[in-house]
Amino acid sequence: EKQLLNHADNKEQRPLPGRSNHAGNLSQSEKKLQEAICVLLVELCERFTFFGIVCNMILFCTVKLGYRNYQAAIVNMCFVGTSMLTPVLVGWLAECLVGRIKLVCICMFLHFLGTALLPVVAFPFEDIYIDRRHILHTLTKREQKIVFYFALLTASLGIGGIRAIVCPLSAYNLEDCGPKELLSFFNWFYWLINLNSAVVFVSISYIQQSVARNLGFLIPFVSGLMGMITIHMVRGEMIYKPKTDSSLLTTFGVIASALKTCCMRYRYFNGGVTNWLDHAKENYGGQYSETQVESTKSLARLFPLFAFQILYRTCIMQIPSGYYLQTMNSNLHFGGFVLPVAAMNVISIVPLLILVPVLECINSCLFSSKDAGHSPTIYIVVGQLSAALSVMVAGFSEIHRKHFPQVEQTLSEEVLLVSSMPCFHLAPQYVLLGVAEALVTPSCSLLAFRLVPERIRGISMHFLTLFNGAGCFMGAFFVQTAHAGTQGNWFPHLLHEGKLERFFFFLGSLMMVNTLGFWTIAHRYNILNQEYTNEFRGILPEEKLLKHEKAIKHYDSVLESSPILSPMEKT
């Protein structure tokens, strides 16, 4: 009755058809278009800033700060991992402790502060003179490192706030999209991000390395400033407010309550339930509702999928660490021109930029709008296999690189002894990792988004981000362990004196086992994906209305024919 009354009120309040109605619709559509463009611009500006910091961090740490190779790789991977984990932390703070508008202002300030402090570390103060005799200012190595770490921490916190509050996936209104539309969105979303990163790796890396290497960190500062101006222009309309019916704390609370109740019952009187998470339900002595527990159960089914992404993300993190060191110690001269080290990352991006349009054309030509095409698990298995092969190829490329004589090469005004092997010999390993990223990341995001109820889709994406961040820290742990356990032999400072290829072979072997492990459980997600696809086919508006009418008629017939109800209850 309330719905009918509201529907009638809406009819009475509708304006007469004419110019005003058309103008209202036009302004509403223009507003939505403006919001979508602003969100996308902020996303691109934030990624521009992020990739600008990451692209030459190893070169900066080794040449400017005097770090060893393994230390620079660990710093780079930890920064990437922290930038992945901070959106989850900031999202929780926005839900529970601090208001979203206040928190986004704090994160904007932190982002500005971090990107402004990085030039302080990078700028050559020793080259600035009051006159020919006096130096204006200098920073010691210790002060540079303190400012550098503080800048990275504040920048990562700011990046987390922008990703979590301003640019969450929920802001793109994906709730009513079918499987094919979702896969298309994730494909083009990551395509745009990688196109942006390709521009960054070519332009900023060249500026940082060759033209004005110490002014290179000013570009992330300018890019972050652009993003903050965009946020400020439309902050009222851009700040997305998610539904508050579920949260990350609720999910962790359900798991903790189930474990606590499960341990108590196992210890004392062994209650029989079909799933261990059912112990968190109020009916079984827990403190959470049926809906909250069932949502957590559907999310828990994705934990194996997320766990198999940890080692995959560790392999992807070899691009800004192990592969970067290989390229830095190879011949970068090409036709009288010295290539930027980070420009080789573009080779890993090109397969993604090519494969996404090709896959979109195949899906649009071969499959209908209701079909999702091939199962996403197939793409994940093939992509993880490609990542394993890439790391193996990197090991053989390292052996091949050592067979070339050493030559002198100048990078950032420092003369280094490097292999005379052209850096393009490393292209196959970059291409294989690019193919892996084009296949795995959109497909895994699709499964994490689709295979859970709508109310916890944001939480599911948070968990995927947590496991990806864990993969970055796992890569840093592997580098530290390999260097300490082999006394620097597996991850050496001078590559021609160590055995970096053994580290790659070890990581490739683990990735092969990881791929086989995921392949053994992939059928579970094929079944779930098919169930959700069939469910989507059956929830068209006409079919939902018919089911609703049939349910009402059946309910009325039960009320009329039920002998249990008294005449007073029937009336």
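Glycine is no exception: its Cβ is also placed from the backbone N, Cα and C atoms.
What TrEMBL lists as compositional bias 'Basic and acidic residues' is 1-14. If you look up TrEMBL, you'll see 1-25 marked as region 'Disordered'. As annotated by TrEMBL, transmembrane segment applies to 48-67, 74-94, 100-125, 146-166, 188-207, 214-234, 337-356, 377-396, 430-451, 463-483, 503-522.
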Surrounding residues of the transmembrane segment (430-451) on its own chain - C-beta under 8 Å, 6+ positions past either end
169, 174, 179, 182-183, 186-187, 189-190, 194, 298, 301-302, 305-306, 309, 312, 315-316, 318-319, 323, 344-345, 347-352, 355-356, 359, 376-377, 379-380, 382-384, 386-387, 389-390, 393, 457, 460-461, 463-464, 525, 528-529, 532
Can you name the far-off residues of the same chain, 6+ from the ends of the transmembrane segment (337-356), with a Cβ under 8 Å from a Cβ of it?
55-56, 59, 187-188, 190-191, 194-195, 197-198, 201-202, 204-206, 208-210, 319-320, 323-324, 327-328, 409-411, 423, 426-427, 430-431, 433-435, 437-439
Whether the transmembrane segment (146-166) meets the transmembrane segment (463-483): three or more C-beta pairs under 8 angstroms
no
Where else in the chain does the transmembrane segment (74-94) make close Cβ contacts, counting only residues six or more beyond its ends and a cut-off under 8 Å?
50, 53-54, 57-58, 61, 67, 100, 103, 107, 152-153, 156-157, 159-161, 163-165, 168, 247-249, 317, 320-321, 458, 462, 465-466, 468-473, 475-476, 479-480
With a Cβ cut-off under 8 Å, give me the same-chain residues at least six positions beyond the ends of the transmembrane segment (188-207) that come close to it.
40, 43-44, 47-48, 51-52, 55-56, 213, 215-216, 219-220, 340-343, 345-346, 349-350, 352-353, 356-357, 360, 437-438, 441-442
Between 48-67, 463-483, 503-522, who has the most Cβ pairs under 8 Å to the transmembrane segment (377-396)?
503-522
